[in-house]
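Engineer: Dropping the structure in here first, questions after.
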Amino acid sequence: MRFLMNYQNLPNDESFDDSDLLLLKYATLFYKTFKKKIQFIQILFPSYKHHYVTIILSVFLYIFFFGYDIYFFNKYNPLFIRDDVITRIGINRDIITTEYHFHKLITATLIHPNIWSLIINTYYLINLGIVVEKNYGRVHTIALMLFSSICGNLLMCATANCNESQLGTSTILSGMMGLFLQEVTSNFRRISGKIEIIGTYLFTIISMYLTISMFPHNGNIMGNLGGLFGGYCYPYIFNVARLDNGPGNTERLVHTALMGLYWILLILNLLFVKC
């Protein structure tokens, strides 16, 4: 909040309004919440509307979790999925490289190891996702989630230990933060409150990462870096413009080439480097 209050006292350049950045749209959600009459649910989700895609996805995530939890019931920890089940359905390098279950790079995103990681992940998913969807639309929000999930899960799987298994939507959250970062870096020269923007971004991403990392099997640092990279490259690769005229041909070519090299190297690693 300190970074936010400092930012609000700074004059903006007439040609660019810092408050147009997704980062500040997200950061001001809760500040604005308590200045108007709201429903109870808006205390947690200030921009709550039932039709947003991340809210719909979150409902399905709860259905998937309780379905798996009931089917593979753990009598010792009823709200935790058993480790042997996590190994079978999660991102496990040994299983993916030997049995070629590459579909798990997507499907594992839909399952969470326990109810607490699900609650935390969907909390961030809804609040970050609503900001993205309001400004980029439903189609790009879905595409961003899918793209950053694959980018993050590929790197996570390629760098994981053979007996390690991961689940969850943390790579999607990192992808959205990557999109926030892309907007900041591409407009950095026009931003008036540079220090405040950097502080707000660091506070947001560090607090999110520390929260989602409290429980095991909920992604790891490599998966989050991969998701961040995917989210950062997404506007360049798919020629998405919001605050300016869009990326130039050179920028688009460079980021597409980097992403292509990234995917090729990781897929080759999974195909030929066995446990």
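Using the three backbone atoms N, Cα and C, a Cβ is placed for every residue, glycine included.
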Engineer: Of 11-31, 221-241, which span is tagged transmembrane segment by TrEMBL?
Structural biologist: 221-241
Engineer: Among the residue ranges 140-158, 197-215, I'd like the one that TrEMBL describes as transmembrane segment.
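Structural biologist: Transmembrane segment, as annotated by TrEMBL, spans 197-215.
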Engineer: Counting each residue once, how many in the domain 'Peptidase S54 rhomboid' (102-238) are helix, strand and coil under DSSP?
Structural biologist: 107 helix, 3 strand, 27 coil
Engineer: Would you kindly list the residues that approach the transmembrane segment (115-132) from elsewhere in its chain, counting only those six or more residues past its ends and only Cβ-Cβ distances under 8 Å?
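Structural biologist: Distant contacts of the transmembrane segment (115-132): 22, 25-26, 29, 44-49, 52-55, 57-58, 61-62, 65, 69, 79-80, 140-141, 144-145, 168-170, 172-173, 176-177, 179, 208, 211-212, 214-215, 217-218.
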